Amino acid sequence: MEHVDKHAVKAFLLSLQDQICQSLESQDKSAAFEQDEWQREQGGGGRSRVLRQGSVFEQAGVNFSHVFGTKMPASATAHRPELAGRSFEAMGVSLVIHPNNPYIPTSHANVRFFIAEKEGEAPVWWFGGGFDLTPFYPFEEDCQHWHNTAKYLCAPFGDDIYEQHKVWCDKYFFLPHRNETRGVGGLFFDDLNEWGFEKSFAYTQAVGNGFIDGYLPIVQRRQDTPYGEREREFQLYRRGRYVEFNLVYDRGTLFGLQSGGRTESILMSMPPLARWEYCYEPKAGSAEADLYENYLQPREW
């Protein structure tokens, strides 16, 4: 039977949270993460870290959680009846960054591991995760850098992995009621176990470690770009799409709220400010129109 080292996964996730928080603090320079350790009554807990009102980041949340129980939630066993009667553990790091400057994109990343065990039987396990970018005033070179980072980290795992997980990301982060993508995508994968534990874990580590490589150069390039009220208003309007996606479609948010997760940590992904405007239309030829015309449908980078 293949050895599944869940302790190594947890150690990696805790280290990843530390590394990402340190990188973001070093970039912001004026604000630090506040840590909130919490326990889940049914088993497990986590540590949530939030940086607020920094010079670069309006809000950044980086959450680690490790929850477990003797019985799977009904919402999970409905889709996977083979999990009934098994104890489970779910652990992961999830983060969302909302910058001050509208020229810096919002970003999101997540890596997670799930295992369900029963004495005398092989464990059922899988990895999932990815990262995606949501620009308001997009630059082609930023989007290409983001996707080139993804291509590079995928290459050792197979020639078609980037394309598969890029397409999956485009499909997942899509708002049907708006007929637009949430942003310019990146990578998304779930239920990954067919490679065996070692390779699946190595890929998940590559995705987690690749996030900062993809994101910080964009932040550094755009953080001093001058902007005014018009850009700020548009940023807040587009943040509304983030709220719509997370509350209506995001599986992690819905699962967390339905399974008695910690609400403050689950909703940490929400922007501190957002706005809606009735029947908004960008002006023809404007930078805002460029986003709608060229960046909110899947494309090759």
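Here the Cβ of each residue, glycine as well, is placed from N, Cα and C on the backbone.
Keep in mind that this is a model prediction, so the values were computed, not measured.
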Annotated companion of Asn110, Val111, Arg112, Gly260, Gly261, Arg262 at the substrate site, Swiss-Prot, chosen from Ser94, Ser269: Ser94
Per Swiss-Prot, the range holding region 'Important for dimerization', considering 170-205, 242-277: 242-277
Long-range Cβ environment of His147 (divalent metal cation binding site), under 8 Å and at least 6 residues apart: Lys166, Val184, Gly185, Gly186, Trp301
Residues satisfying Cβ distance under 8 Å from Arg112 (substrate binding site), sequence separation of at least 6: Ala90, Met91, Gly92, Val93, Ser94, Phe127, Gly128, Gly129
Within the region 'Important for dimerization' (242-277), residues counted as helix, strand or coil by DSSP: 22 helix, 0 strand, 14 coil
